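Student: I'd like to ask you about the structure that follows.
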Amino acid sequence: MKSLLVVAAVLAVGALAQGDDAKGPKVTDKVYFDMEIGGKPIGRIVIGLFGKTVPKTATNFIELAKKPKGEGYPGSKFHRVIADFMIQGGDFTRGDGTGGRSIYGEKFADENFKLKHYGAGWLSMANAGADTNGSQFFITTVKTPWLDGRHVVFGKILEGMDVVRKIEQTEKLPGDRPKQDVIIAASGHIAVDTPFSVEREAVV
């Protein structure tokens with residue numbers, strides 16, 4: 001009887017773990033971006049970060065969001081915008097996609113590829129190949145499975161997908177560069193008292 005109870009307990013724990021996993025990754029922290037286009041406020045984006053699944057990548061993003069202008073995300077641009085694909089930012093050193101750096105040094109290794117690009121509204125690290133993560137990131141505006149296993153997914157939009165869409169639809173110059181500067185006017189960290197799961201699906 002004891003052995004049967006042990007087996008039942010193990011199965012129950014396994015079922016709970018699977019159920020939790022089925023709900024999706026857990027948000028442990030939030031970061032906000034107050035956005036401007038051409039100097040005019042367009043709203044706030046709030047991003048949930050998965051600090052248990054990708055702690056090193058999430059911490060890098062949080063710390064860069066907390067830094068002052070010129071040392072992190074505040075004042076930096078979304079320098080590359082492609083409709084029906086993604087919006088890319090985070091190059092706070094050069095502003096054109098050739099710069100940026102992490103809190104760990106110039107670059108850091110890919111943490112893992114446990115999460116995928118499930119649809120619009122997922123946050124992932126931009127890179128120049130394997131193990132070249134710095135500060136640049138992108139937010140998907142469609143499902144992008146061809147990026148799975150190549151870019152580290154570490155967050156999801158919780159609020160402000162309409163702001164992401166405004167950025168996506170902004171007028172562009174050759175090279176996918178916005179005609180008017182798309183600026184993170186302010187950014188910061190929002191603590192999460194109790195981590196919560198998000199679905200593995202697109203943000204509407």
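Using the three backbone atoms N, Cα and C, a Cβ is placed for every residue, glycine included.
According to Swiss-Prot, the feature domain 'PPIase cyclophilin-type' maps to 32-189. For N133, the entry in Swiss-Prot reads N-linked glycosylation site. Marked as signal peptide by Swiss-Prot on the basis of experimental evidence: 1-22.
Help me picture these features in the structure, burial and contacts included.
Tutor: All protein chains shown were included, and the count of other CB atoms within 10 Å of the CB of N133 (N-linked glycosylation site) stands at 25.
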Student: Could you say whether, by DSSP, N133 (N-linked glycosylation site) belongs to a helix, a strand or a coil region?
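Tutor: Once the DSSP labels are grouped into three classes, N133 (N-linked glycosylation site) ends up as strand.
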Student: Which whole number is the mean pLDDT over the domain 'PPIase cyclophilin-type' (32-189)?
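Tutor: So the average pLDDT across the domain 'PPIase cyclophilin-type' (32-189) works out to 99.
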